[in-house]
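Peer 1: The region 'Disordered' feature in TrEMBL is assigned to 19-64. Among the features that TrEMBL reports, compositional bias 'Polar residues' is placed at 26-36. Residues annotated as compositional bias 'Basic and acidic residues' in TrEMBL: 41-57. The repeat 'TPR' annotation in TrEMBL covers 108-141. The Mg(2+) binding site annotation in TrEMBL covers D640, N670, I672. The domain 'Transketolase-like pyrimidine-binding' feature in TrEMBL is assigned to 838-1012. Summarising the annotation, TrEMBL assigns active site, proton donor to E900.
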Amino acid sequence: MGTWTAHFIQRILDARRRNGAGNAKTLPSVTQTGANPGTRGESKETEHGEAMHRRELGTNPTPKTLQSVGRMAAMRNQSGQHYEAVLLAQEAFLGSRKAFGEQAPHTLDALSNLGSVWKAQGEHEEAEKCFRGAFKLRHDKLGPNHPDTLTSLNNLASALDSLGRAAEAGRLYQECLERRCNTLGSSHPDTLTSAGNMALYLRTHGQPAKARELFEQVLVGRRKIFGVRHMDTIISMNNCASVAMDNAEECRRKCDPREETRQQHKAEALLKEAVVAGSNYLGTRHPVTLRAMNNLAGLHKDRGQLDKAKLMYEKAVAGLRAAQGDKHLDTLTCINNLGGVLRSLGEVDDAEECYKEASIGIVEKLGDLHPTSLSTLYNWALTLDELGDSASALPLYLHELDHGPFTGECGSKGSRGRSKRFVFGFRFIQTKKANHRAGLSSHATHAMAEAKMLTIEDLIFGPSKERKSEEKTRKRDELVISCLRSLAMDAVQQANSGHPGTPMAMAPVAYSLWARVLNYDPECPHWMNRDRFVLSMGHASMLLYGLLHVAGVKEVTQDGLLTGKMAVALEDIKSFRQFGSKCPGHPEVGETGVEMTTGPLGQGVATSVGMAIASKWLASNFNKPDLPLFGFDVFALAGDGCMQEGVSGEAASLAGHLKLNNLCWIWDNNQITIEGNTAWAISEDIATRFVAYGWNVLRVGDANDVEALTRAFLSFRREQDRPTLIVVDSHIAWGAPTMQDSFHAHGTPLGEKEVAATKHIYNWPDEKFLVPEEVVGHFRQQMLERGGAKRQHWEQMLATYRVQYPQEGALLQAMLDGQLPQDWDRFCQAFPADAKGLATRQSSSACLNSVAKGLPWLIGGSADLASSCLTTLTKEADFLPPASRWGHFGGRNLHFGIREHAMGSIMNGLALCKLRPFGSTFLVFSDYMRPPIRMAALMEVPSVFVFTHDSIGVGEDGPTHQPVEQLCSLRSIPGLFVFRPCDANECLEMWKAVVPMKDPVAVVLSRQALPTLDREKFASASGLHRGGYVLADSEGMPNLILMATGSEVHLMLQAHEVLAGRGIKVRSVSMPCMELFKTQPQDYIDSVLPRACRARVSLEAGRSDSWGALIGLDGEHVGMISFGASGPGKRVQEEYGFTVDAVVMAAARVMRGTPQEMSSRAQSLLSWKKRRLSSYHRLPSL
């Protein structure tokens, strides 16, 4: 800490020397670091801004377009993007002046808007020029009493007041008020606004009595006009309360406790009313509401109610962060105030964090010589000194000593009351308060003497030992980063295949995250509360393999056992992208420590949302006040491609809605894709889109700035109710002499000469696959000191948890071990036979709820179709942010919204965190989520995809909602088990079979009611556990086999009766899960489908493609060869050949050995297409 603070002071002094004392905006924010003049970070922003302006303004701008650009400027300014805000505001003004003339109303509005942007940034001189110009032009064109003229006059007065020209500002405020009184009347809202501004001026400049009178008049007027439910009224309440607090302070100085208490009660009543009204009618994040909260917290602090003050300040800080950003002056001031309360409560560590953040931000905003900056820096110094870190505090004291005000008093309140003697005599003053006016103590004098003995280098950079240690650490950091980059280049070059550019650019980002922030233990990489790192841009796999190797991550078997071997050895890296290698082209979950399989862009970031949800759910359901077992964070590294994929937008929208503050996406903004520059294909402002999603957006202007990256990650950790997007500007293939910033570096080896030249730039030996021991030791030590210690502490907590909470501990251990609770299916009950029956979506719903009672970590929802798919867990809460009051983070019903793709990915994230997820939609919409279904099968995670409305039986909704090809499509995915039960009891057995499975499952259910079979007449539904079973049979070897799934099983049984009545030996087989049936021993398969019987007919309201292996060349399929049609379900089924007669005819053909030929099916499809052009006609039975 000491060397960092000293370095901070050096940056202040350097900036002052460059820019002139007192005027430097010295500290770059997390969002600006690295974007220095002349670097690519700034030029990239400029090019992006100019391109955006050209798009917005076009060649023939309209007033509406220009107003839109002005609004964009205001939005950018509020979100802290000051550079782009000024560009937009200037462009709007210049465009308006060019298009409409200097005195056009749109031009003057744009000029005023530009002034407001300058003023918000503290550039009061620029603001004054804009406001004065607008006032003059409006005065000349509209007259002195026009409302717009008076608005400009009021703005001008405000700018002059900020510049310290108080007399001129007061005269203009007074003139504006008088003119509005004369032209509009004393009760007009604009007049009341002017009166409020005048009152603020009077209060600021030492006329509290007049200010109080005006404030009270304004409040009375606004209550009368607007009532309580109006922003202006709430502002007036806040102002009157501030005056009452000033009066209370004055009474305290005059030793009038009775009047002091009265004024405090008055202020409290007004502030509480303002907070309640603001929360109800403006929202808890509105600046007016937050200002009232801040003032109420200050009042609690003044009255000694520190716990109340802390709570209110924390709420205010959280709201200000969400509403105005981390770097807004109001946010920083509130953080500073919170630090004061925490210090008073004895929470010095937390206070120091608050003062540090406030100091950095306020110095950046106001410069290092502003009184507020000096005050905040001094508070930070005091806290550091209380923590015993005098080395860090001393440079801050010296800065105060050089530039702080001299009053001759020691111990007066506020920065104006501090003297040079107080700066060095504070320890003596704290211990001997009775002598606080005695001047310098011998202790303080000794401190000054010691300070004089230090060299200037020691004062600025810290003691020489610390400087050497910091420099050594920095060099080791650079070695690790260069090692990661070189490993990526070498592996891709040796494989002659791969993506070197992104690992080279992102190595500092990954290193700063893993080494400094990530709670991860390489010795035990599967402990449950570890932070998750997802490489969403899977093509940069060598970055991840390099991290796993250098960090020394140990191998974990699929059974969760540590082998003691390296998860990724150097030999594995040397065989990158080779057959059988543990380092495939894209990361694959398994024994290597990879958290999830990635490669298809967008899947990683979307799946990370499921991981973040799992963290929240686990914490809500298992944490105890004294045993916080869960609360891991999730980091995902994404590229431009991930940001463009639609699934990332779906997932980001839901994450923002759920306020997942434990989720951090890092966007590698290198502006390069495979084809070239991203500007060729995308022009939207992605960062602003994420602000609209409700995310906290930070920016690091240089991917090589490890300190800025670390600050960004720590800023994410402080965020309380928003996910975070960190935009990192980078150069693809950084350091490559000819390939840097080239799209060729995305997916092409650099070449031996380019690799050697790049290593020379890195100051790295030209040796392949070099991993020095110094690199390994430095990286592993940092991870073990943090992640290893936290893992050990967590294991101790888990042991204590099992003892103190044995029942919950047993459930938790079963979940961690991948086991099921004992008697988990005890609530499942069989269904009685019923000719009318239930739709399988209904019976499945009953079974799902029964299973959920015995399996507490079964969690899921629907893509806005829970009422149709019937997948609501009826006695469980909804998973929603507690602040929404609709649910909480312990709820088991997820509302995915109409985001099928994201739903599938999020389910996979939940499954990767040991939960058992399900998600539902209509079968026809499974096409929207095929990528995550495929990923679930590839990763072998037990996600349960529930699809209802499974056939043309949907009826009236027509072919857009009638699935035809989806069943075959799902069955074609290796490792996915597709179940289509025929009745309620098959549903019950299906869920009993699905829950223990370790693979993904698709459950396909009907919309229409299906009879519940009499299992005394037909075979038991437990045959489902074999995938397929004989449902009805005849004596001896069958001459004909009928097979069906789902709703067509009942049609099959009707045909069975007809055929059996004709003396045919027929066997009817229910085939609810082909994949499960095919895994059975061959003897069982042959017993169900004897090879001697080749006359086979399959029935299913879908394509025939997946039935070929079961019916053979001699069999026939009764199903669909075209899309369906709109109409009543039964009528549509009849028209498309799902009748007993059609089945009997097909049976006759296969028994004769003349099944329908392939060409005849094609002719039927062609005939259907021709007929459909005019009207719907009956399709020939197949």
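Each Cβ is built from the backbone N, Cα and C atoms, and glycine gets one as well.
Those TrEMBL annotations? Automatic predictions, nothing curated.
In terms of burial and nearby residues, how do these features look in this structure?
Peer 2: When other Cβ atoms within 10 Å of the Cβ of D640 (Mg(2+) binding site) are tallied across all protein chains shown, the result is 20.
Every protein chain shown contributes to the tally, and the Cβ of E900 (active site, proton donor) ends up with 27 other Cβ atoms within 10 Å.
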Peer 1: Over the domain 'Transketolase-like pyrimidine-binding' (838-1012), what is the model's average pLDDT?
Peer 2: 96
Peer 1: Rounded to an integer, what is the Cα-Cα distance in Å between E900 (active site, proton donor) and D640 (Mg(2+) binding site)?
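Peer 2: So the Cα of D640 (Mg(2+) binding site) lies 22 Å away from that of E900 (active site, proton donor).
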Peer 1: Can you check which residues sit near I672 (Mg(2+) binding site), meaning Cβ under 8 Å from its Cβ, same chain, 6 or more apart in sequence, and list them in order?
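Peer 2: Within the chain, I672 (Mg(2+) binding site) has Cβ neighbours under 8 Å at G501, D640, T678, I732, D741, S742, F743, A745, H746.
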